[in-house]
């Protein structure tokens, strides 16, 4: 671009005004700033390689050169971080966070302390504030983990519960109940 005016300042800063209206400012430490002809688009390239862009809609895009990470802040408060490994984090203004991992697992962290993870195979894991965990598998099975027990529910209605003391209880859809001790010995079986 053609330079319309160039000014050198005593502190070592140099400003160039281009004929198209852009302003280029070069600082002694190697940082440069470009203000677009619209006066609203600003790009700052720092001496360490970081780049900060301010868009006309006030979106701020900051690229961290060393970490190869981009942090975008939108005018509505949404923040999106994109990492070099493909991980993407979204931080919403209400405090909710959503992380998409490189394997495409999506983890949501809610403001009330609950978490939800959706895995690529369709498995969904939900964790409540009290630590209770529910796992819904893509084959229709469901698992519930509490401090007292782990329970698996099968699509056919069978429910198997393993208690912290190791005792196992299986309830079949037929009404049959089988209980085993921690060593696997049957201590009750109501065969119908």
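Glycine is treated like the rest: Cβ placed from N, Cα and C.
TrEMBL entries are annotated by machine, without manual review.
Residues annotated as domain 'Centromere protein J C-terminal' in TrEMBL: 4-34, 76-103, 111-145, 149-179.
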So if I exclude everything within five residues of the ends of the domain 'Centromere protein J C-terminal' (4-34), which remaining residues of that chain have a CB under 8 angstroms from its CBs? That is, six or more out.
42-47
State the mean pLDDT for the domain 'Centromere protein J C-terminal' (4-34).
95
Per-state residue totals over the domain 'Centromere protein J C-terminal' (111-145) - DSSP helix, strand, coil:
0 helix, 16 strand, 19 coil
So how many of the residues in the domain 'Centromere protein J C-terminal' (149-179) end up helix, strand or coil by DSSP?
0 helix, 17 strand, 14 coil
Over the span of the domain 'Centromere protein J C-terminal' (76-103), count residues by DSSP class, listing helix, strand and coil in order.
0 helix, 12 strand, 16 coil
Using DSSP, how many residues in the domain 'Centromere protein J C-terminal' (4-34) fall into helix, strand and coil?
0 helix, 17 strand, 14 coil
